[in-house]
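Written out below as C-alpha cells is the structure these notes cover.
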Amino acid sequence: MDEETQSGDENGRAGEDVDEGDVVESESSAADTTDGSESANSPKPTDGSGSDAQFDAGEQPLDVDDPSRNKGIEDPSRDDSDGGGESATSRGDSSQPESAEPVTAEDIDIEESIGPEDPDSIRVGDSTAGTTEVSLDEVVLDDDDGDSQGLFDDLLSGEPIFENKEVLRPSYTPRELPHRTEQINQMATILVSALRGETPSNILIYGKTGTGKTASAKFVSQELESTSKKYDVPCEVEYINCEVTDTQYRVLAQLANKFIEKNQDVIETELDELNELHPQAVDDPTALAGSAYETADEVESRIEELESDRDEMEPVPMTGWPTDRVYSTFFDAVDYRERVVVIMLDEIDKLVEKSGDDTLYNLSRMNSELDNSRISIMGISNDLKFTDFLDPRVKSSLGEEEIVFPPYDANQLRDILQHRANVAFKDDALTDDVIPLCAAFAAQEHGDARRALDLLRTAGELAERGQADTVEEAHVRQAQDKIELDRVVEVVRTLPTQSKIVLFATILLEKNGVRNVNTGEVFNIYKRLCEEIDADVLTQRRVTDLISELDMLGIVNAVVVSKGRYGRTKEISLSVPIDETEAVLLSDSRLGDIENAQPFVQARFDN
Ligand SMILES: Nc1ncnc2c1ncn2[C@@H]1O[C@H](COP(=O)(O)OP(=O)(O)OP(=O)(O)O)[C@@H](O)[C@H]1O
Ligand SMILES: [Mg+2]
C-alpha cells in the first residue's frame with residue numbers, strides 16, 4: 001500500500017513536471033500575445049495626442065457621455081476578445097494610431113467583428129451610416145473623456161463596506177475570544193504544570209461545531225509557548241489536525257519530523273557556540289571558565305557527539321517505513337532532550353474513525369517509557385460519542401480532564417461578531433440590525449460562531465456586490481438563503497449514487513404534482529430510474545432507510561402516517577429548493593443520463 005502511495009507520489013510529481021511545462025509554454029505564448037498586443041497598444045501617449053488632433057480638427061463626439069457605447073465601437077480587438085466590455089478601453093487604444101493613418105484593412109476588421117453581435121456598435125454604426133472612417137473618428141474623439149477606467153477601477157474606487165475582510169475568515173485566529181474565558185482558564189490551569197516541569201493531565205475538549213474549540217486551543221498553545229520562552233523552561237506544543245493527518249503513520253511521522261527539526265535547531269545552536277569556544281580553549285584554557293567543560297578535548301568530543309547525533313537524525317518519509325520504526329524515531333526525537341510536550345490532536349474523532357485507537361494507545365502509554373521528557377495529550381472533538389469506540393484504558397487516560405464548550409447564545413454571538421466587525425468593516429458600514437440578525441440566525445443553528453461569521457461576511461459581500469453603501473438586514477437574509485443553498489448543494493452533490501436516485505425519484509413525483517408522496521411510490525420510480533441507468537436496485541427496505549437518511553440530512557421531510565388497516569407508511573416531502581436540487585442531481589454524470597424523466601411518473605398510476 002505504501003508502495004502504491006509512493007508511486008502515486010511519483011506520478012504526482014511527473015504530473016507536476018508536465019504541468020510546469022505547460023505553464024511555461026502557455027506563459028510564453030501569453031507573453032507573445034501580450035507583446036503582440038502591446039506593440040499595438042504601446043504608443044498610448046501618442047494615441048492621446050492623436051485623439052486631440054482629431055478633436056481639434058473640429059469633429060464632434062457623438063457619444064461623449066456614453067462611455068460604454070464608445071467602448072463598443074472603439075474596440076478593434078473584439079474578434080479575439082470574449083466580448084467583455086471590460087477590455088475595451090485598453091484595447092481600444094490600439095486602434096487609434098491606426099485611425100490616424102489610412103489603414104483600411106484594420107477598419108474592415110473592426111466593422112466585421114463588431115457587426116451584428118454588438119448592439120452598441122450596431123447602434124453607433126447605424127448612426128454613422130456604417131462608414132468606417134466616421135466611426136473611427138468617433139472612437140478617437142470619444143476616447144478623450146473616459147480612457148482611464150479599466151476593468152477594476154470602478155470596483156476598486158467604491159469600497160465603502162470592508163476595511164479588512166480577512167478578519168471574518170475562518171483561517172483568522174482572533175486575539176480575543178469573548179465568552180471563552182472560563183474554558184481558556186481551565187485549560188491554562190491544567191497546562192501550567194508543563195511550565196513547572198511536571199506532566200499536565202491529558203485533556204479532552206468537547207463541543208459542537210463552531211463553539212471556539214480550535215480557536216481557544218490555538219490561543220492557549222501560543223500563550224504556553226511564549227511563556228515557556230519567557231521563563232526559559234523547555235515546553236513545546238504541537239498541533240495536529242487529524243482531519244488532514246488521519247492515520248497513525250502520518251501522525252507519528254509528522255510529530256517525529258517536527259521534533260527532529262527542533263532538535264536539529266538546538267544542536268546547531270550549541271555547535272555554533274562550541275565551534276567558537278574550541279579554538280579559544282586551545283589557545284588559552286581559561287576561556288573555558290564558566291563553561292561546562294574543563295578541557296579543549298572535552299569540547300571537541302562534545303562537538304563530535306553533537307555532529308553524529310545530528311547526522312543520525314533521519315526524517316521520516318511520508319510513506320514506506322514500518323510503523324514500529326516511525327514510532328521509535330518519534331520516541332527518540334521526543335526523548336532527545338528534557339522537556340514537556342503537549343500534543344494537541346484536533347478533530348481526534350476523525351483519527352479514531354479512520355484508523356482506530358492505536359495511535360492514542362501508543363501515545364498515552366509513552367510517559368512510562370520516556371527518560372528525559374514527558375508528553376501530555378489534548379484531544380479536541382465535536383463528536384461527543386467518539387470515546388465509546390476507544391479501548392477503556394485509552395478512554396480513561398485521555399479523559400483525565402474534560403472541558404466542555406457549550407454552544408453560544410444569541411447575545412454571546414452578538415459580542416463575538418461585534419468584536420470582529422469593528423476591525424472587518426468600515427465605520428458605519430453596518431446598519432443596526434445586521435449583527436443582531438446574524439447572531440439570531442446562527443443561534444438557531446446550534447450556536448455556531450463560524451456560521452455567524454460566515455453570514456456576516458456573506459452579507460457584506462452581497463452588499464458590496466450590489467454596490468450598496470451599507471449592509472442592511474435584507475443582505476443578511478439573502479446571505480442566509482445563499483449559505484443554506486450552498487450547504488444543500490454540497491450535501492446533495494456528495495450523496496452516494498443510490499441516495500441520489502431516491503431523491504431524484506422524490507423530486508420527479510413532486511414536480512408532477514403528486515401530493516403526499518409515500519415510500520412505495522418513491523420506490524416504484526426509483527426502480528425504473530435504476531433500470532434506466534443500469535444501477536443496482538436495492539430492496540424497498542433499504543430505500544426506506546435511505547429516505548430516513550435524507551430526512552436526517554434535512555433534505556426531505558418524512559413523517560410516518562397511519563393508513564388504518566392498511567398499516568403505516570411514510571409521507572415524504574422535499575425540504576430543499578426543488579430546481580436547484582434537481583440541477584445538482586443531473587450534474588452527476590450517471591443521473592445526467594436519464595433522458596426525458598417525465599414518463600416515469602406514470603409509474604405511480606401503473607402500479
Ligand atoms: N469566542 C469567540 N470569539 C471570537 N471568535 C470566535 C469565538 N469562538 C469561535 N470564534 C470563531 O468562530 C470560528 C469557529 O471557531 P472554531 O474553529 O474554534 O470552532 P470549533 O469549535 O473548533 O469548531 P469545529 O468543531 O467545527 O472544529 C472561528 O473563525 C473562530 O475564530
Ligand atoms: Mg475546530
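Positions of Cβ are set from backbone N, Cα and C atoms, glycine also.
Features of the protein shown, as given by TrEMBL:
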{"type": "BINDING", "residues": "Thr211, Gly212, Lys213, Thr214, Ala215, Tyr408, Arg420", "note": "ATP binding site"}
{"type": "COILED", "residues": "257-309", "note": "coiled coil"}
{"type": "COMPBIAS", "residues": "32-52", "note": "compositional bias 'Polar residues'"}
{"type": "COMPBIAS", "residues": "66-81", "note": "compositional bias 'Basic and acidic residues'"}
{"type": "COMPBIAS", "residues": "87-98", "note": "compositional bias 'Polar residues'"}
{"type": "COMPBIAS", "residues": "104-119", "note": "compositional bias 'Acidic residues'"}
{"type": "DOMAIN", "residues": "199-409", "note": "domain 'AAA+ ATPase'"}
{"type": "DOMAIN", "residues": "503-585", "note": "domain 'Cdc6 C-terminal'"}
{"type": "REGION", "residues": "1-133", "note": "region 'Disordered'"}
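The binding-site residues near ligand 2, defined by a Cβ under 6 Å from one of its atoms, do not include any of Thr211, Gly212, Ala215, Tyr408, Arg420. The binding-site residues near ligand 1, defined by a Cβ under 6 Å from one of its atoms, are Gly212, Ala215, chosen from Gly212, Ala215, Tyr408. Helix, strand and coil residue tallies for the domain 'Cdc6 C-terminal' (503-585), in that order: 48 helix, 16 strand, 19 coil [DSSP]. Shown are the binding-site residues Thr211, Thr214; the one with the most C-beta atoms within 10 angstroms of its own C-beta is Thr211.
Long-range Cβ neighbours of Tyr408 (ATP binding site) (same chain, at least 6 residues apart, Cβ-Cβ under 8 Å): His179, Thr211, Gly212, Ile416, Ala442, Ala443, Gly447, Asp448, Ala449, Ala452.
Confidence in the domain 'Cdc6 C-terminal' (503-585), given as mean pLDDT, stands at 91. The DSSP secondary structure for Thr214 (ATP binding site) is helix. In the three-state DSSP scheme, Tyr408 (ATP binding site) falls into the coil class.
Within 10 Å of the C-beta of Ala215 (ATP binding site) there are 19 other C-beta atoms, taking all protein chains into account.
Across the residues the record lists as binding ATP (Thr211, Gly212, Lys213, Thr214, Ala215, Tyr408, Arg420), the two Cα atoms farthest apart are 17 Å from each other. Listed in sequence order, the residues of the same chain lying 6 or more apart from Lys213 (ATP binding site) and placing their CB within less than 8 Å of its CB are Ile205, Tyr206, Gly207, Asp346, Ile380, Asn382, Phe405. All protein chains considered, the CB of Gly212 (ATP binding site) has 23 other CB atoms within 10 Å.
For Arg420 (ATP binding site), the same-chain residues 6+ apart in sequence whose C-beta sits under 8 angstroms from its C-beta are Val167, Leu168, Pro174, Leu453, Leu456. In this structure, Arg420 (ATP binding site) is part of a helix by DSSP.
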